[in-house]
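Q: First the structure, which I've put down as structure tokens, then a few questions once you've had a look.
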Amino acid sequence: MLTKFETKSNRVKGLSFHSKRPWILASLHSGVIQLWDYRMGTLIDRFDEHDGPVRGVHFHKSQPLFVSGGAGIVELSFAFICALLYCQNDWKCIVYVALFLVEILVSDWRILGDDYKIKVWNYKMHRCLFTLLGHLDYIRTVQFHHEYPWIVSASDDQTIRIWNWQSRTCISVLTGHNHYVMCASFHPKEDLVVSASLDQTVRVWDIGALRKKTVSPADDILRLSQMNTDLFGGVDAVVKYVLEGHDRGVNWAAFHPNLPLIVSGADDRQVKLWRMNDTKAWEVDTLRGHMNNVSCVMFHAKQDIIVSNSEDKSIRVWDVTKRTGVQTFRREHDRFWILASHPEMNLLAAGHDSGMIVFKLERERPAFAVSGDSLFYAKDRFLRFFEFSTQRETQVIPIRRPGTTSLNQSPRTLSYSPTENAVLICSDVDGGSYELYVIPKDSIGRGDTVQEAKRGAGVSAIFVARNRFAVLDKSSNQVLVKNLKNEVVKKSGLPIATDAIFYAGTGNLLCRAEDRVVIFDLQQRLVLGDLQTPFVKYVVWSNDMESIALLSKHAIIIASKKLVHQCTLHETIRVKSGAWDDNGVFIYTTLNHIKYCLPNGDSGIIRTLDVPIYITKVSGNTIFCLDRDGKNRTIVIDATEYIFKLSLLRKRYDNVMSMIRNSQLCGQAMIAYLQQKGFPEVALHFVKDERTRFNLALESGNIQIAVASAKEIDEKDHWYRLGVEALRQGNAGIVEYAYQRTKNFERLSFLYLITGNLEKLSKMLKIAEVKNDVMGQFHNALYLGDVQERVKILENAGHLPLAYITAKVHGLEDLAERLAAELGDNVPSVPEDKVPSLLMPPSPVMCGSDWPLLRVMKGIFEGGLDNMGRAGAEEYEEVGEGDWVNELEMVVEDGSQNGDVTAILEDGEGAEENDEGGWDLEDLELPPEADTPRASVIARSSVFVAPTPGMPVSQIWIQRSSLAAEHAAAGNFDTAMRLLNRQLGIRNFIPLRSMFLDLHSGSHSYLRAFSSTPVISLAVERGWNESASPNVRGPPALVFNFSQLEEKLKAGYKATTTGKFTEALRLFLSILHTIPLIVVESRREVDEVKELNVIVKEYVLGLQMELKRREMKDNPVRQQELAAYFTHCNLQMPHLRLALLNAMTVCFKAKNLATAANFARRLLETNPTLENQAKTSRQVLQAAERNMTDASELNYDFRNPFVTCGATYVPIYRGQKDVSCPYCSSRFVPSQEGKLCTVCDLAVVGADASGLLCSPSQIR
């Protein structure tokens, strides 16, 4: 069973697949109906109008409808009246209704109020359209007719009803069963209904008369009335056969889709097969195997099998022809209740106590192999050949039929050797096996050659050379290399626990584990590449074997031939197949799309699919593929979009230009892509919408197109944004124009100030006076440095003290005296000792002209696209030539336009002579045509194209190195941690955090050029000298080196000697944490680093035990054990003597004289240089020899070699199982596997790791 989708819910009693969409309805025992998308795994909708269990549900074949049968609450009296109306004068019917009501009363009103509704729903409108009333008990199943507007329903009221859902009436009642009717369904082609009942019978009903009446209804009104009112049947539907044979109630019966067969399942735990003809029906066989009631049974639509499920928590598959069980699928705790099959696809669904599952019985992907222009694939137990160039298809040889009856025995993979014309076919027969066929050269096209295959056991088998193939032996995790005689010529162990192998070039294998893949060289037995991935299902190599696509269930990983990761794509629905096209683009299929993936990871949809396909080859615009029936298909696609994106990616701008001119590339997605990739100037040529054109023009710096679009849009926000961009480019004319269009006088004044245009600034002062804008007047006077005007403005505004101070400090004595007279006694005091100075704005460097722009060559797109649409170019030029300032119309407070103000004062002289008059605004015009604001000639004729940035040094460091220290120095902490995890099993990176930061900051220097510019980062390289080539980058300089560790080691030794154990432990742990980030040059130094690692590990373990011993003052036995274990650490001789002396003293004081004597002997064997150590040892030995006993028993046997567990501090004697830390190699008891190493505090005990990598020489 291949599970495709699974839900968790209340008990599922009814299921129905949609015929076209990937939907399934599930009706629950709780009264809820759920609509699921089983492809996406999402709940689309839920319908919960039923008040009781919903046992039946069914989709209409073509309309957006489904029908459900369940229970709802109504008044009992209403149900009684409905029943009597149906009965009319039929006394038999009235008696039946009366008995039924008595049964309700007797049962303590257990089901009072159930009206047993059939509801017809519209899933597009998300509501129930109408309800069909008539059944008097629970409704078990409902089903739409495939052709007529009928619904058939089966009920516990012992009847079957046929309804017309268009007229919403019951058109026939089928009576005859004398117990609950558990199911009823229409025949898929004939005018028959089959029903199953707890009266132990299966009935087949002929509804031919009903069909004729529907097609050409009778004129007899009485007969028409009788059809609607006869509760106990009539001539419209008659029993054709009654099938008796089950010993208990029958739960389900179903027709075969094509043959005159019926299958039934019952409470007697049996599945029975029946055959019928025109006159009779009879039992063919009984299928036994279920251990409890059979809930549901059905024929498979496309295979000769029967599928049944049962309350024994199993689904069973039976062979119709052999009538034997094929396979059984079990659940632990859930009984099965219902089965459903997809009307068109090879999908089944089963409902159980806690939800449902959607599944296939076997995989449908055909096994195939592509070699050049040839395709070999397996179909219908034949090996077939397809030639792509001629599209000729031929049958090659028959392949054997599986000897077992279980499912999933068809070929799974196929490998082809073109030189030897040999084919390897792998399947799951016998737990995994292969067959080797050598095809005679003349047999292609004949297909009649019967050949005995060479067979063998193996999970995977592929050709690895011309006449060699590799077979995976999963039990021993090795590969057997065999010749074409099926003889083993070589065996090779694999570097990881492999569950499948794939071709990776001559002599190489791609080995797949659960979470990674590696490329393994069989000859040299070396790992050539390693990549962590999700579980990989399929592998697709590019035509030149330079790139590989790894396909998992929901992801695609693109990598190089050495498994260097390039990009990963994630899909929400399952990925099915893929192939590389001639341009290096990966084309792949999901369940419903053909998509593409560019080398940089960009992807998109090429087209949608009705049914899944499996791509075999991509040639130009043609995709060759196989469908699920094994038929070759060709699909023509439009590759313009991804070829365009690929050309942009590879900077083939001539192709881009050609495609822009000749193709119809358009759409928001393409525009967004071009913006995202930094080509807004290209996107500009696809767009007609003015708002989008404006945004793209601003983004690409094309100020002329932005002006044209802003004029079309004419909104304040767009003019403001245009002004910001023009100011950034230094185009003062367009900034002025934009501010004038938005009447932003404050910004306009400031623009004139910074450009030094004092003439226009004085005009702005006059405009502010006309507008009665006091603050505007004061600001403009301040910008101009006009003190008299400022005094006048302050005086007119009523700020006489401020006016007096301004006049006084600037030496305007006449004005100051007049203002002082007006102020009287309120004259403010002015500081006497201060020297006033006139506040004047500085003169700008450039006055009145645009900023100079860098002269550069036109970009490829600007130059190439200038010829497209000359009319548009002329339109842009007009923008620059208009007299922009004349269009400025300002509304003053009284509502008059500035033109009215101009009319009042026609000449400048009048303005000067008239103190009270207005201002002549005719001067507020742009300069003559030579100075009109337009983009500068330089800007129009040449556009700045930024040079392509080179690759950052940090990225070069990462690409060239597999050393974690160099990745950390480059600032790529993520890959550094991943490398340390892979090499040393390190998972706890907290102790390394500060070292990562030190490495990164120590490998960079920082320069500040100007205070307004960002700091420039410079990479510091290791071993740099002045003669080095500037184009060759060296590795990063590292702040940690081996000599530093040697100094720390000496300090640690000294602290240990003086008894400063806490300080010593800190120093040794620091060394242990620094070693993974050390880089040395030679192999000899690598050995020294590894030796240092072992030394430091021993000291850390010993010191941890000694500190632990000192904490345990109330446990003398444990104190002695820890002191004893300390003496078995690999210490320097002075420290070993001190450890032995310490252990001897502890044991002697605790009266363990025999153990103390052992330590004394070991101490004397070291020839101690200190006399007092030797003397003490001899004294202890003499005292112990008089009474060689131990007062307490220790977990310590010095005669048996052991190592100490780094976590529990207990001995692990030789021969006992243990696990080790992949980094520091400390040993642990097996229960510590998977936990953090307590010695180094970095790695996980028992983790897989490749080993310490600290030198480039190890990689070379």
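Placed from the backbone N, Cα and C atoms, the Cβ positions cover glycine too.
Note that TrEMBL annotation is computational and uncurated.
Note that the structure is a prediction, hence the values are computed from the model and not measured.
This is the feature table in TrEMBL:
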- 65-86: transmembrane segment (TRANSMEM)
- 93-112: transmembrane segment (TRANSMEM)
- 132-173: repeat 'WD' (REPEAT)
- 174-207: repeat 'WD' (REPEAT)
- 243-284: repeat 'WD' (REPEAT)
- 287-328: repeat 'WD' (REPEAT)
- 383-627: domain 'COPA/B second beta-propeller' (DOMAIN)
- 656-810: domain 'COPA/B TPR' (DOMAIN)
- 858-1260: domain 'Coatomer alpha subunit C-terminal' (DOMAIN)
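I would like each feature placed in context: is it buried or exposed, what are its neighbours, and how far apart are things?
A: Sorting each residue of the repeat 'WD' (174-207) by its DSSP state yields 0 helix, 20 strand, 14 coil.
Averaged across the repeat 'WD' (243-284), pLDDT in this predicted model comes to 92.
Within its own chain, the repeat 'WD' (287-328) has Cβ neighbours under 8 Å at 1, 251-257, 261, 263-267, 269-273, 334-339, 341-343, 346, 348, 350, 352, 361, 405-407, counting only residues six or more beyond its boundaries.
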Q: Same-chain Cβ contacts of the repeat 'WD' (243-284) under 8 Å, 6 or more residues past its ends?
A: 179-180, 182-183, 185, 187-188, 192, 194-204, 290-299, 301, 306, 308, 310, 312, 316, 318, 320, 323
Q: Counting by DSSP secondary structure, give me helix, strand and coil numbers for the repeat 'WD' (132-173).
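A: Breakdown, helix to coil: 0 helix, 24 strand, 18 coil.
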Q: Using DSSP, break the repeat 'WD' (287-328) down into helix, strand and coil residues and give each count.
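A: Going by DSSP assignments, the repeat 'WD' (287-328) contains 0 helix, 25 strand, 17 coil.
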Q: Count the residues of the repeat 'WD' (243-284) that DSSP assigns to helix (H, G, I), to strand (E, B) and to coil, and report the three numbers in that order.
A: 0 helix, 25 strand, 17 coil
